[in-house]
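Right, one structure below, let's go through it.
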């Protein structure tokens, strides 16, 4: 990887196709990094509610299965389109409030609007003419779909600029970059724990008695109440962070406040000049064309890493209900009951996973030092992930061979799996929190570090990295069902593919992924001309 052109060397050619963008060199204080990273707790609280509560709510509204698949496809589609676009424009934003803060604030506002649309979809549908006696509620479904798409778009508006803001605050200090992404991962875990806890408490609606209406039953009212708390948490964290951490306005002609005092320089994010700009699609294609080996390898390792993760993230609770507990979501009453018990056990596993995720996130820097660098750490945990995914096959076989039944009043009823098998499955959830913490932090830190020696901004760089995440998600979402059907149904075939992808990702991380260059000394400001 090219190390860049130092300021005492010949400057880059003005004919460069890519726009050189601001990059903070002097890192901000840790307290500001923590404040910005804390917004992740508000974002992830809402995601956890989506995962734990929205599927039953979709069934309550009577949304057909084909529609449901279309709705959940919004996540990767919006991530593929919104994050690069928002990242591109946030790199070039000349607002007096800064480059990242306006997008973060707008994302929080849109999340609030979307959550109200989702929570009140049944009420709005009823007021618009939906019948309470019919299963399908078309007007409520329309409101829900609009709200859900706005929510996914808004969440992507939040996440991209938040990570770019952290990269700006970290400057060229690689340790700060890794630490900031580790804190973002930690607060994601905090949001997960809070979201799963709120979703599991069935009497939360009593705090908001007005939430229960004719069109909205107890479950719906509980979802509303959870979303009220989610909105409050996100808005409080966003307002505190954006009020405390300021950005200096940026201008293509140069930062207006240059030459200020030392304190202003510490709080300023971004001072640079630009060459001839390109339109968004021209720049992103130019960026992809000029990607050099380090970023291509990072994208490849990240892509394989998420091919490994998505089968489990999409079907983890289903695996607990179906393979471990032997239930069936479309079976008889006994199988449905056991499936529900398994899904609840899976929710407990996700809680344990989030706790381990949070603890590990705080120790990423120490772990990286202990194993000899971030690329080795990422390679090791990818092998851990591969082993864990392979272990799901063993647990599935053990659960099937130890299936227990009881006879009550002449009828045979399925019993939960033996305690040892349940404990093993829950332990698997918990251990997988370790590689997940690395997945949530190291790739983004490496993208920011590589971007510090490039001509593209942090927003666009992280948007390009996001493509290597959402494309595998779309592929897994579409292909996992037919792939599982080839082997008689069930989740294990997709998990096997994930285990292989994780192992290959680990091998590439060890053998091909370059180690980041050492931190650039503060008196050696780097100026570069190409996206790496």
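Including glycine, each Cβ sits where the backbone N, Cα and C put it.
Looking at the stretches 208-226, 227-245, the one that TrEMBL records under the feature transmembrane segment is 227-245.
Between the transmembrane segment (345-368) and the transmembrane segment (462-483), the number of CB pairs under 8 angstroms, six or more residues apart, is fewer than three, so the stretches are not in contact.
With pairs at least 6 apart in sequence, the transmembrane segment (179-199) and the transmembrane segment (295-315) have fewer than 3 Cβ pairs within the 8 Å limit; the two do not touch. By the Cβ criterion (under 8 Å, sequence separation of 6 or more), the transmembrane segment (103-121) is in contact with the transmembrane segment (227-245), since 3+ such pairs are found. Within the chain, the transmembrane segment (227-245) has long-range Cβ neighbours (under 8 A, six or more residues past its boundaries) at 28, 32, 35-36, 38-39, 41-43, 45-46, 49, 101, 104-105, 108, 111-112, 115-116, 118-119, 165, 169, 194-195, 198, 204, 208, 211, 267. For the transmembrane segment (462-483), the neighbouring stretch richest in Cβ pairs under 8 Å, chosen from 179-199, 380-399, 425-450, 495-515, is 425-450. Across 179-199, 380-399, 425-450, the stretch most heavily in contact with the transmembrane segment (495-515), judged by Cβ pairs under 8 Å, is 380-399.
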